[in-house]
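Going by Swiss-Prot, these are the annotated features:
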- CYS26-CYS49: disulfide bond (DISULFID)
- CYS33-CYS42: disulfide bond (DISULFID)
- SER39: O-linked glycosylation site (CARBOHYD)
- CYS64: S-linked glycosylation site (CARBOHYD)
- 1-21: signal peptide (SIGNAL)
Amino acid sequence: MSKLVKTLTISEISKAQNNGGKPAWCWYTLAMCGAGYDSGTCDYMYSHCFGIKHHSSGSSSYHC
């Protein structure tokens, strides 16, 4: 059984963390935010996943 275990290198872990979930995770979150389910992360997700930010009249908001 111990032969089934694979030890990940630091670079493999970093790569998985940096790419984890994209794009499916981002599209799922976008759909949930668009449906009105906001757990306080929608602004962050729009910025992180899509890099979309809208500035108007001194305030900023994210949009698709």
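For all residues, glycine too, the Cβ spot is worked out from N, Cα and C.
Fair warning: this is a prediction, and the values are worked out from it, not measured in the lab.
The two recorded residues CYS49 (disulfide bond) and CYS42 (disulfide bond) have their Cα atoms spaced 10 Å from each other. Sequence-distant neighbours of CYS33 (disulfide bond) (same chain, 6+ apart, CB under 8 A from its CB) are CYS42, MET45, TYR46.
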